[in-house]
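Q: Let me begin by handing over the structure; questions about it come next.
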Ligand SMILES: Nc1ncnc2c1ncn2[C@@H]1O[C@H](COP(=O)(O)OP(=O)(O)O)[C@@H](O)[C@H]1O
Ligand SMILES: O=C(O)C1=C[C@@H](OP(=O)(O)O)[C@@H](O)[C@H](O)C1
Ligand SMILES: [Mg+2]
């Protein structure tokens, strides 16, 4: 159980917090979107437009199923919709500590402003889309996670230190 899994809504900071957390812990870093893009040699946006959301969800489940074999000392950031697919919560929890990065609608709107990489938020009425998805998904994130961390008005270091505290990880500090 020496892995940390980050879940939460688009824009909650899973990818950016995960990368910095891994660096601080000297852990490996993986992001399910990045693994899928590498494996399929194209962007998440292209996969959605060419094959649809359902196909992308199958790729997500296959990706986390594969990781179980040899993932250790790793921070895994997930795509925001990954825990929504039935059964994925169980797959995530057997990989490690599952942390839900929470953010308010207001914070998310600020962080997602001008984004063009997330197909579910493309086009008009982004605020309404975020609101509806947040209503649907919040209880699922809460149920899937071992711990929740609010990210509103917090910088990356504050969030990272909170996660480390929750997972009870002892940091070895090497002075040279
Ligand atoms: N705590 C934070 N403070 C300020 N900006 C943040 C914070 N968390 C995330 N961001 C910014 O929000 C945007 C989305 O973050 P990202 O890590 O891609 O989220 P996710 O992977 O959850 O969709 C990025 O521009 C990132 O720098
Ligand atoms: O919430 C979602 O359904 C999605 C979130 C995205 O990842 P981020 O949460 O890292 O933005 C990416 O997997 C895809 O666009 C779908
Ligand atoms: Mg991400």
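Cβ from N, Cα, C; glycine included.
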Q: Which residue of 11, 80, 114, 165 does TrEMBL report at the same substrate site as 33, 57, 137?
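A: Of the residues offered, the record points to 80.
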Q: Given the binding-site residues 33, 57, 137, which lie close to residue 15 (ATP binding site), meaning Cα to Cα within 10 A?
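A: Hits: 33.
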Q: Quick one: pull the CA-CA distance for residue 14 (ATP binding site) versus residue 80 (substrate binding site), whole Å only.
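A: Cα-Cα distance, residue 14 (ATP binding site) to residue 80 (substrate binding site): 9 Å.
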Q: Using a Cβ cut-off of under 6 Å to any atom of ligand 3, determine which of the binding-site residues 11, 13, 16, 57, 80, 118 qualify.
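A: What lies within reach of ligand 3, judged by Cβ under 6 Å, is none of the binding-site residues.
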Q: When you measure from each Cβ to the nearest atom of ligand 1, which of the binding-site residues 16, 33, 57 fall under 6 angstroms?
A: 16
Q: Within 10 Å of the Cβ of residue 80 (substrate binding site), how many other Cβ atoms are there?
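A: Result for residue 80 (substrate binding site): 21 neighbouring Cβ atoms inside 10 Å.
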Q: Taking every protein chain in this structure into account, which of the binding-site residues 12, 15, 16 has the most other Cβ atoms within 10 Å of its Cβ?
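A: Checking each of 12, 15, 16, the winner is 12.
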